[in-house]
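Participant: Please find one structure pasted underneath; my questions will follow.
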Amino acid sequence: MDNLIGKISMINGPVILGEEMTGFKMREMVLVGEKKLIGEIISIDGEYGTVQVYEETEGLKRGEKIVSTGKPLSLKLGPGMLGNMFDGIQRPLKKIRDDFGSFIPEGIGLISIDEEKLWEVSINVKLGDYLKEGEIFGTVQETSLINHKLLVPVGLEGRVITVIKNGKYNIEEKLVELEDREGNKHSLKMYQEWPVRISRPTKERLPITKLLATGQRVLDIFFPIAKGGTAAIPGGFGTGKTMTQHQLAKWSDADIIIYIGCGERGNEMTEVLEDFPELIDPKTGKAIMERTVLIANTSNMPVAAREASIYTGITMAEYFRDMGYHVAIMADSTSRWAEALREISGRLEEMPAEEGYPAYLPSRLAQFYERAGYVKSLSGNEGSVTIIGAVSPAGGDFSEPVTENTKRFVNVFLGLDRELAYSRHYPAINWLNSYSGYMEMLKNYYEMELNEEVEGLRGKMLRLLFEESRLLEIVLLVGEDVLPDDQRLILEIARVIKIGFLQQNAFHKEDTYVPLRKQLEMLKTIDLLYERGLQSVKKNIPISKVRNGELYDEVIKMKYSIPNDNIEKIEELKNMINDFYNKLELDYSK
Amino acid sequence: MKKEYLVLDKVEGALIELSKVHAVGYGEIVEVENNLGEKKLGRVIKIDGDKVVVQVFGSTLGHSVENTKVSFEGRPFEIPLSKDILGRTFNGIGIPIDNGGDIYADNFYNVNGRPINPVSREYPRDYIQTGISSIDGLITLIRGQKLPIFSGSGLPHNELAAQIVRQAKIKVKGQERNNFSIVFAAIGVKHDEAFFFKEAFKKAGVQNKVVMYINYADDPIMERIIAPRAALTAAEYLAFEENQHVLVIMTDITSYGEALREVSSLREEVPSRRGYPGYLYSDLASLYERAGMLKDREGSVTLIPILTMPNDDITHPIPDLTGYITEGQIVLSRELHQKNIYPPINVLPSLSRLMKDGIGEGYTRVDHPDVSNQLFSAYSKVQDIRALAQIVGEEDLSDKDKKYMEFGDAFEEKFVTQKYNENRDMENTLDLSWNILSLLPKEELDRLDPTLIEKYMK
């Protein structure tokens, strides 16, 4: 089939209108103008087609050609993605730098994963096998951490009629040939193409039962995220959204991390590129870069590609999920994506809904978050996609449309708080307005992992924190001294919870990642401190004695002083608390 | 050959529309001439069929649909750049206004620039010593950073910016560097403000290292949109081709945003918050993101935009979106200004995102991270205690709280306050911090490593 050709008729920023475009298809990828800029058709009206262009449109002229490619915006899914950084439409930024220098030009064309690199392939099917869609026919050890499984593309099945020998090949090599029931032959390569806007099929969705362990205390114990779940992190600027996302990307126990820098700062992506190769995953001992894919559309890169970057990321995630991996995807920030939608919508002169956002904002958000899930893949493996989206509400006001609509489609809401950030309480997750809908589903998980139930203790500590916020209002009016001693004890303990437990130092090597067991032990120690203190207060021992500065300091410091690999040491601290209060009560009973 | 068009369809504000135009490029430069022979530049901002919308830099006063000649230049907006621009003054669209003659250069640069590939960026780590304690100690400026000053009308942001220019010391791996230059972009500023900066640069003895792009408050609005781009193009040229460390001061971003809004409403675009266009974020980002460093070049672009928050409101779209793009912010406070504290920097909402990697051992001093953390948390506590004191009276505060009150006053009066010409080096600033922290009871110093307390607390 010959490529169809249309002509540019109108240009308005990243949106262009073409004429003579009968026969072009909706969501088809097109090449625009002499520079062959990449674009996508977003509406068709008679012979006119509207195209959003993923590159800078300056210099385009009316009458230049629009050429069809016959396929929707798609990714090449295969070895070569891990450890790499791509732009919003999967073009490799390292290669672009090597070919074009430090600044990104337009008209690079469609390039994707490396086509020349040789990979060591081992095939695990033989002649005569009958393969179905999604089945694994071979593997490539892509990085020392990840074994890339080669999947039969969706929609294909048949009997194996040729097989290549194990060995080193590039991704274009025909590895296996299938013959289907009609006698058609299909060759399988190391990669397959998939349109970004369509979710990849699975056998079935499974219930959510596993924690996405992050090593962050405020999350794992108080507001847990589940594998296959969804979470949103909204916060005004300077409250630490990106920092929190980076911590999750570094330490969460997903097999693969896809980090989308969507309309954010260039330096932040550079930081990830510099930091991640040096960070070692606590479980595997390998550099975490080996399990990470980066997608960057920084705030000064073309806005249409920002809209696509989210879909590029989630499609890659689903592909790895289908191999049986647990994938976590960090989208920083979904607000920039929504704003890109708004910008394009405005240029199309669509009727705006709230704050200029298009009326389809909620449905687009829902479609995105619903691509998360814990599934059984076509090959029968269990895998999951967890989505953690940062939200940047205008003015830090959580009642704006993106935050409000996101809230409806996610199960974990981690509200970042400006006041906490100002006092340098990090992570600045506000325990009063955050929530996690996974507590009940994860109940068994905690019991299996820790042989203890967590829910009761968690509830008790949260109650203390709620109580504190109520008491603080009174304190602001009348001062602390007038409160009865048991309430003053609550204030003191809440302070210990905040400084000793909720605050976590991302730059301290012992504190940046904390195993679940230690998290629980720390909380139990604080609980002991509270219970023993309360007991003493009830025996009319004055609060000035109950709150012993040295003892409290020891408890607060436990995050640094108890090593992650020697958690038993915390028993000494508990003994110290018991000894102190035993002695105190003895002294007063005399 | 250049084609001239003699009939317009429409003149509205600074936009003109004409039709039956062929082969014109999006973003192309246009020359507009009226019947008196006055020439102005413009730019194509929309092509629709054979209709073209042109944004004119300058006033359309006196233009009619019949007396105007329009010719298309066939090139995007470019300015000539060479090392001779140092010491020169230009208007918002890069035309010299200092009687120093034209700039002759072989190379013309597109003012829109191109996005830096994140892979090519070098992560900024070396600090710039400004000699101002509150900035150096708590909001450390890093070379290659974009750090705006959020101010309000009537606050001394210009003085602060001038003081930074005068005192800034760039150190690369401990060595002081002299290859620095300054690009100053004035966007819709008053004549006396521009004059203030000119004088300040002269007094600091840097006038030969400064390039100025000035768009006065009574200059055409359209030029405001080009002025910062021209300045940043010059900065990129100096940094990445002439290996200079460039400090870019830009004032006032609020005027820029308003110009953008004006054009947007002329174009009848769908507004988002407070009438600003939906693309305000990506437009501001196309300016701010041009700051930075490259792996294979020696130079750097450090950007300090100044913006006045309308009604001191930090949630106004311009400061709000700026804060989302820049790497922190320096916030000036009217309350401190009224207390006669200079510089009136409110450190609590201020932040330098890059400082975490540019301070401490090997960069500033080993105690710096803990000290800045402690100062922040103690000073934020002071705010609560002051609120309490308002209700119960200072007399009835506990001893601990009284200590905090004392600390708060000392922090504002000794640490934040300094003279316009007072230059404190990093050692000084950190020693002063310990001095003030010593007012607090020891058990309150929960952010300081005990070994540091032993070493530095006197």
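In case you wondered, yes, glycine gets a Cβ from its N, Cα and C as well.
Caution: TrEMBL annotation is automatic and unverified by curators.
From TrEMBL, here are the annotated features:
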DOMAIN    A:8-70  domain 'ATPase F1/V1/A1 complex alpha/beta subunit N-terminal'
DOMAIN    A:112-197  domain 'ATPsynthase alpha/beta subunit barrel-sandwich'
DOMAIN    A:215-436  domain 'ATPase F1/V1/A1 complex alpha/beta subunit nucleotide-binding'
BINDING   A:G235, A:G236, A:F237, A:G238, A:T239, A:G240, A:K241, A:T242  ATP binding site
DOMAIN    A:445-546  domain 'ATP synthase A/B type C-terminal'
Participant: So, taking each listed stretch (A:8-70, A:215-436, A:445-546) in turn and counting its Cβ pairs to the domain 'ATPsynthase alpha/beta subunit barrel-sandwich' (A:112-197) that are under 8 angstroms, which one gives the highest count?
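Facilitator: Stretch with maximum Cβ contacts: A:215-436.
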Participant: I'd like the Cβ neighbour count for A:G235 (ATP binding site), meaning other Cβ atoms within 10 Å of its Cβ, all protein chains included.
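Facilitator: For A:G235 (ATP binding site), the count of other Cβ atoms within 10 Å is 29.
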Participant: Please report the number of other Cβ atoms within 10 Å of the Cβ of A:T242 (ATP binding site).
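Facilitator: The answer is 23.
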Participant: Beyond A:G235, A:G236, A:F237, A:G238, A:T239, A:G240, A:K241, A:T242, what residues of that chain have CB atoms within 8 A of the centre of the ATP site's CB atoms?
Facilitator: A:M243, A:S392, A:L416, A:A421, A:A428
Participant: Kindly report the helix/strand/coil residue split of the domain 'ATP synthase A/B type C-terminal' (A:445-546) according to DSSP, in that order.
Facilitator: 75 helix, 0 strand, 27 coil
Participant: Could you give me three numbers for the domain 'ATPase F1/V1/A1 complex alpha/beta subunit N-terminal' (A:8-70), the DSSP helix, strand and coil residue counts?
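Facilitator: Output for the domain 'ATPase F1/V1/A1 complex alpha/beta subunit N-terminal' (A:8-70) reads 0 helix, 37 strand, 26 coil.
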Participant: Including all protein chains shown, what's the count of other C-beta atoms within 10 A of the C-beta of A:T239 (ATP binding site)?
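Facilitator: By my count, 27.
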Participant: Do any residues at least six apart in sequence from A:F237 (ATP binding site), in the same chain, have a Cβ closer than 8 Å to its Cβ, and if so which, in order?
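Facilitator: Expected: A:S392, A:G396.
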Participant: When C-beta separations to chain B are restricted to under 8 angstroms, which of the binding-site residues A:F237, A:T239, A:G240 qualify?
Facilitator: A:F237
Participant: List, in sequence order, the same-chain residues at least six positions removed whose CB sits under 8 Å from that of A:G236 (ATP binding site)?
Facilitator: A:S392, A:P393, A:G395, A:G396, A:L416, A:R418
Participant: Applying a 10 Å Cβ distance cut-off over all chains shown, what neighbour count does A:K241 (ATP binding site) have?
Facilitator: 25
Participant: Can you work out the mean pLDDT of the predicted model over the domain 'ATP synthase A/B type C-terminal' (A:445-546)?
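Facilitator: A mean pLDDT of 92 is what the model gives the domain 'ATP synthase A/B type C-terminal' (A:445-546).
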Participant: Among all chains shown, work out which of the binding-site residues A:G238, A:G240 has the most CB atoms within 10 A of its CB.
Facilitator: A:G240
Participant: Could you find out if DSSP has A:G238 (ATP binding site) as helix, strand or coil?
Facilitator: coil
